[in-house]
Amino acid sequence: RMAASPARELTQNPLQKIWEPYNNGLPAKHSAQRGVCMTNCPTLIVMVGLPARGKTYISKKLTRYLNWIGVPTKEFNVGQYRRDLVKTYKSFEFFLPDNEEGLKIRKQCALAALNDVQQYLSEENGHVAVFDATNTTRERRETIFRFGEENGYKTFFVESVCVDPEVIAANIVQVKLGSPDYVDCSNDEATEDFMKRIECYKNTYEMLDETLDKDLSYIKIMDVGRSYLVNRVMDHIQSRIVYYLMNIHVTPRSIYLCRHGESELNLKGRIGGDTGLSFRGKEFAKSLAQFINEQNIKDLKVWTSQMKRTIQTAEALGVPYEQWKVLNEIDAGVCEEMTYEEIQENYPLEFALRDQDKYRYRYPKGESYEDLVQRLEPVIMELERQENVLVICHQAVMRCLLAYFLDKTAEQLPYLKCPLHSVLKLTPVAYGCKVESIFLNIEAVNTHRDKPENVDISRPPEEALVTVPAHQ
Amino acid sequence: MTNCPTLIVMVGLPARGKTYISKKLTRYLNWIGVPTKEFNVGQYRRDLVKTYKSFEFFLPDNEEGLKIRKQCALAALNDVQQYLSEENGHVAVFDATNTTRERRETIFRFGEENGYKTFFVESVCVDPEVIAANIVQVKLGSPDYVDCSNDEATEDFMKRIECYKNTYEMLDETLDKDLSYIKIMDVGRSYLVNRVMDHIQSRIVYYLMNIHVTPRSIYLCRHGESELNLKGRIGGDTGLSFRGKEFAKSLAQFINEQNIKDLKVWTSQMKRTIQTAEALGVPYEQWKVLNEIDAGVCEEMTYEEIQENYPLEFALRDQDKYRYRYPKGESYEDLVQRLEPVIMELERQENVLVICHQAVMRCLLAYFLDKTAEQLPYLKCPLHSVLKLTPVAYGCKVESIFLNIEAVNTHRDKPEVGQVFNTNTLMHSSPANSDFIFSLQKIGVCLH
């Protein structure tokens, strides 16, 4: 089984600086993975619950989180399949348990969705599929479970149980009134119809049962997170999913993201380092204090990194703040405190590789955006737990956090615009996040470098530097 | 982590793993930097009632027994209050059966009066095999049964459990709906979690849901001797020396001979650990968070060069090696924070071999062996030795296996206090001024 074979030679991948074994100058195929092996076989998450219990909210949020931490995930909303098939929604009667035509179409949609799940997990390298439908009967869940077993997927059920009429009413207002199903209805008409829709499911609803379903893996979420029943967590990814679901909440709140005020190194066009604020940076800090004051935010928590420039910025607010080392700016390794011109001169290959894949590129003796995401995960988890928070951080860090909230891809993330002296106010709404950008009217240098056209390692310096913003 | 102290209250019949969970949780919380202490009421009883006679002490109608047991519980709560309110403790784990609602209400009121948040951890188990195994693991060797045969002890203990059963009121979804708790069922098959109030409770729940009791072993070792090791230089990212490569082959042979079921192998992303793993000929996972401590500006220096270039830094490090952070680098304290996901995953896994680095291995070892922040940076983790850790009873058995390939010694003990600092050196090597020295003294730097 385990032969002590002659050790293979190692080469360091120039982009990610990962040591890999090679044969004849090319990376050898081996199953070494970076980081925790999340899934050996794909995972099928199956939502369970009556309408307006937050299944789609949870599906989308969970999908966003898993993709952000690097687990390819996709959600499959059966209601969307139904809308695509039955062009116009008439009324709740479609969902009556004795409506044979309705039942036939709904089963057809479920199977079409499962077919796409199979395509995604077995042919498109997806790791997790979230199957978002009511799945309220044991029979339907058994069908899906068998489908999972036949395809070698691990199935994990997420049930949302809620009887609080206020919560359900609020859900209907948040996400149902604006649904394509009710585009030509008044709010009252929509609400009335939807309540009847819920009734259609109630008689046949078989909740996950501690005894009957004791061999299934699931989490039952009760009353929007007041309590949870967790059964047979099988592996790492299920454990992470449970932890995430137990930390999210729906209490209204806002998250404020901004960078430190303009720093001395910013003025000189140098990256990284640990300098203090410039004069304008200090003006920004005062402006920020005023802005925060005016916002009149209840119980605001303020977080900074452990770098001088964010702490100096927070100091101007005159309120307690917490320093997080993991909020420190991306470590540019050997390029710390250089200008882009100096990087081009000293490390032209590195500079080009970075433009080729800015997300995965790791500075020599430094970090990549991919590394940043991994170290920021506890920040995201705590942001989910908290309510009103102001995070004073750095350009690359802010891009990572923003990408999580706005569901940006790895390709988009490193190019998100996070200018100095602007505050982003993020407010969860419906299935996503409302963003307001407030520029606090203190001028600052631009530190955003767009991807140049020529990313070839043999490009001339001018073409590498064409997008470098102006500096002293 | 916590604004107000947290009181964790264990609940459950005897032999349900309460003390196992208490001790493990305490160890974990202390390791991540949350001052935690456990208070085992059974221990208070043993200290008060010098000799244990029989299960009859625990009969529900034994008035003398009840009186003593209540006295012990109150003494323990008194010490809890001392720890949380006067000694800067953050979390206290109150380890007793606490099987009646009345007892739990008393404790909850105590918590409220003192401004503590109370979180209950109940362990429910009906599987007779599990209970029998627990008795063998931790009860037969208890001071209570020091003069009994195994059969006598088991028989008495089973009767002890019976004493509690009639009055046992489990945490109830309806009656206890306003309490914060986790109910662990059948050693972790399922969990009921109610009203998690804050960050620390959320972390505790996550931890409890990831631990298991399946027998397994964790193997820790460093990479083979590296080129920089030979030169007495710290950090860097070089490959193995000749002897380091010999060690890697030795390691492969050792692992083979151990015949370990489904062994997972983890390395850092530094060349020397990966080279070591390559010799094993099995798949391995690379973890960036297992990389050696970042020595910042001191990377690839010898200790002599650090003394010459950064004598102040060198001295500060010796003063508090755990909290000291290299300029543009890390501290052991930082290391622990970045290794927490490794510990969490080690808890989830079964047989694992972790090939890492000196400072990293010290942090991991400190977690398993419950070492303090003061001891951690001085734990001995020599090259070319493998530590095999096997959970047993309430702790960890350690076997150290030297794989018989010589290597340099990279362990630097804490020098004697008198040698720590010399102002002459400071004056000569960096521009000092009286303000600077004054501020050093303010933070307790000892100057000669």
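The backbone N, Cα and C atoms fix where each Cβ goes, and this holds for glycine too.
Annotation comment: TrEMBL describes A:38-252 as domain '6-phosphofructo-2-kinase'. The average pLDDT the prediction assigns to the domain '6-phosphofructo-2-kinase' (A:38-252) is 95.
Look at TrEMBL and you will find A:Arg259, A:His260, A:Gly261, A:Glu262, A:Ser263, A:Glu264, A:Leu265, A:Asn266, A:Arg309 tagged as substrate binding site. Taking the Cβ of A:Leu265 (substrate binding site) as reference, residues of its chain lying under 8 Å away and at least six apart in sequence are, in sequence order, A:Ile271, A:Gly272, A:Gly273, A:Thr275, A:Glu337.
Secondary structure at A:His260 (active site, tele-phosphohistidine intermediate), as computed by DSSP, is coil. As annotated by TrEMBL, active site, tele-phosphohistidine intermediate applies to A:His260.
For A:Glu329 (active site, proton donor/acceptor), the number of other Cβ atoms no farther than 10 Å from its own Cβ, over all displayed protein chains, is 24. Per TrEMBL, the feature active site, proton donor/acceptor maps to A:Glu329.
A:Glu329 (active site, proton donor/acceptor) falls outside any helix or strand according to DSSP and counts as coil. Taking the mean position of the Cβ atoms of A:Arg259, A:His260, A:Gly261, A:Glu262, A:Ser263, A:Glu264, A:Leu265, A:Asn266, A:Arg309 as the substrate site, the remaining same-chain residues with a Cβ inside 8 Å of that point are A:Thr275, A:Gly276, A:Leu277, A:Ser278, A:Gly281, A:Leu420.
Distance between Cα atoms for A:Glu329 (active site, proton donor/acceptor) and A:His260 (active site, tele-phosphohistidine intermediate): 11 Å, as a whole number.
The Cβ of A:Arg259 (substrate binding site) has 29 neighbouring Cβ atoms from other residues within 10 Å, across all protein chains displayed.
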